[in-house]
Structure formats: C-alpha cells, structure tokens
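*Asks:* Below you will find the structure I want to go over with you.
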Amino acid sequence: MTGGPDLASARPAAQRLDLGPGLTFVPGYLDRLAQERLLAEIRDLARRAPLFTPRMPRTDQPFSVRMTNCGPLGWVSDVSGYRYQPTHPQTGEPWPAMPESLLDAWNELARFPHPPEACLINFYGPGARMGLHQDKDEGELAAPVVSLSLGATALFRIGGLSRRDRTRSIRLSSGDAFVFGGAARLVFHGIDRILPETSDLIPGSGRVNLTLRRVTPAPAA
DNA sequence: TAGTGACC
DNA sequence: TCCT
C-alpha cells in the first residue's frame, strides 16, 4: 500500500549495536521523514482506537502512560490483570489493522518467520514513567519484541533476567529501534523519565513508543 | 508476597 | 535493595 514510512532509509545492519546476546540497538533507524509519516499513521489509529489509561491489577492505580493498540490483538491492563484481547476495552471494536510500515519494520528487525500480532502504542507525557518489568504475557517467547521510539528522548533502563540484576541506562531518541530477543527476550526494562524539549516531532515533549510482538505460538511449519 | 512499585 |  502507500503512505508508510520510508524504511529504505533505515541504517544498514552494520550500524546496529549489539548490547549483549539478543539485544540490538539501532540508533536512527527511522529518519525524520519516516518518523513524520509513522506518527501521522499513529494519530490516525488513535482516532479510531482512542487512547485509554490502563490501571494496575489488584491496586487499580492508573498508569502514567496512555495507550492503544493495533493488529489482531492488543495488550490491556485493568484491575483484573494483564491480557491480550481482540477488541478495544472502551469501544468494544476490533483494534485497527497494523500499518504496512510496521510490518516492514518487523520484517527488517525481528527476523522471525511469522508476522506480529500486536502493536502496543504507548503515549508518554513529560511526567510519565514505566516501572521496571518483563514482557512476559506473550505465548510465543521465541519471537523478539521490537520497539520504535518517536518524539522526546527517554531514559530507558535495562537490566537482566532477574529483577536484582545490574541495570544500565540508555537514551532512546526519536527514530531509534530496540530489539529484545533470544536470551534477552525476558530482560527487565522500563522508562525512568522523559527528557523535555529533546524533539519537536510531538508537541509538549510527548513521546510515543511502539512495541511489536508475536502473542500466540507461531503455527507449526 | 510481588511488584509495568520506588528508587537508582 | 527496600518497602507496603
């Protein structure tokens, strides 16, 4: 189709940074034009599947980020727990289809022979954070998680497979890609804070993070 | 006790 | 690592 980010401008694989087994950081994966095109698609998705404020299981405390999803399944959280579901929790409508541009990004970055089923779209305002956590609600842990950042720079914290492992901080800037796979598929990670006024892509020091995931076990060959 | 916690 |  048309109108997707120009992924032909992606950096060559040689400029990927391997941070350890299964962790790949691709600074500047999307150039400015690709970022603008992708953001326009996200804004369109958010009109059809409005941002909602997830709440913590059990405590019912609201998250500081707002979110929506696209693809056959979407990640949601409320007082009863975390889960993937095929419909928006407020409208009851199916999630919008995944844009072709995101399928292209998955194909370039994930190197997994089946398409992603969910793209979680997180919107961070200047005070939003995401506590250290693992992405482990997916039934297919052989597939990586592919993350794309747009807008304000985030201080991203990444640790190991145990919550007690050493962590390090990485700045994720607009256009950067990050892939968790293989031995690093379940590493703890989170967002400490957003650095204000680090990008003019999204007004008000906003940040969007897209995470592409395979949710159900891939069909047998 | 766990924990998209708080903190770093 | 330390709470609640």
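Just so it is clear, glycine is given a Cβ too, placed from its N, Cα and C backbone atoms.
Where the annotation comes from TrEMBL, it is an automatic prediction and has not been curated.
In case it's useful when we look at the structure, here is the feature table from TrEMBL:
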type: BINDING; residues: A:TRP75, A:TYR82, A:ARG83, A:TYR84, A:ASP137, A:ARG163; note: substrate binding site
type: DOMAIN; residues: A:115-216; note: domain 'Fe2OG dioxygenase'
type: BINDING; residues: A:ASN122, A:PHE123, A:TYR124, A:ARG207, A:VAL208, A:ASN209, A:LEU210, A:THR211, A:LEU212, A:ARG213; note: 2-oxoglutarate binding site
type: BINDING; residues: A:HIS133, A:ASP135, A:HIS189; note: Fe cation binding site
*Asks:* Other Cβ atoms within 10 Å is the metric here; tell me which of the binding-site residues A:ARG83, A:HIS133, A:ARG163, A:HIS189 scores highest.
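*Replies:* Top count of Cβ atoms within 10 Å goes to A:HIS189.
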*Asks:* A 10 Å Cβ contact count, applied to the binding-site residues A:VAL208, A:LEU210, A:LEU212: which residue has the minimum?
*Replies:* A:LEU210
*Asks:* Rounded to the nearest Å, what's the C-alpha distance separating A:TYR82 (substrate binding site) and A:HIS189 (Fe cation binding site)? Just drop the number here, would you?
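*Replies:* Cα to Cα, A:TYR82 (substrate binding site) and A:HIS189 (Fe cation binding site) are separated by 17 Å.
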*Asks:* Quick check on the binding-site residues A:TRP75, A:TYR82, A:TYR84, A:TYR124: which one has the highest count of other Cβ atoms within 10 Å of its Cβ?
*Replies:* A:TYR124
*Asks:* Using a 10 Å cut-off on Cβ-Cβ distances across all protein chains shown, tell me which of the binding-site residues (A:ASP135, A:ASP137) has the largest neighbour count.
*Replies:* A:ASP135
*Asks:* State the count of C-beta atoms found within 10 angstroms of the C-beta of A:ASN122 (2-oxoglutarate binding site), not counting that atom itself.
*Replies:* 22
*Asks:* Sorry to bug you, but what's the C-alpha spacing from A:ASN122 (2-oxoglutarate binding site) to A:TRP75 (substrate binding site), rounded to the closest Å?
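*Replies:* Each residue's Cα considered, A:TRP75 (substrate binding site) and A:ASN122 (2-oxoglutarate binding site) end up 11 Å apart.
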*Asks:* Using the alpha carbons only, what distance in Å do you get between A:ASP135 (Fe cation binding site) and A:LEU212 (2-oxoglutarate binding site) once rounded?
*Replies:* 11
*Asks:* Tell me the Cα distance separating A:HIS189 (Fe cation binding site) from A:TYR124 (2-oxoglutarate binding site), rounded to the nearest angstrom.
*Replies:* 16
*Asks:* Which of the binding-site residues A:ARG83, A:TYR84, A:HIS133, A:ARG163 has its Cα closest in space to the Cα of A:LEU212 (2-oxoglutarate binding site)?
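*Replies:* Out of the listed candidates, the nearest Cα belongs to A:TYR84.
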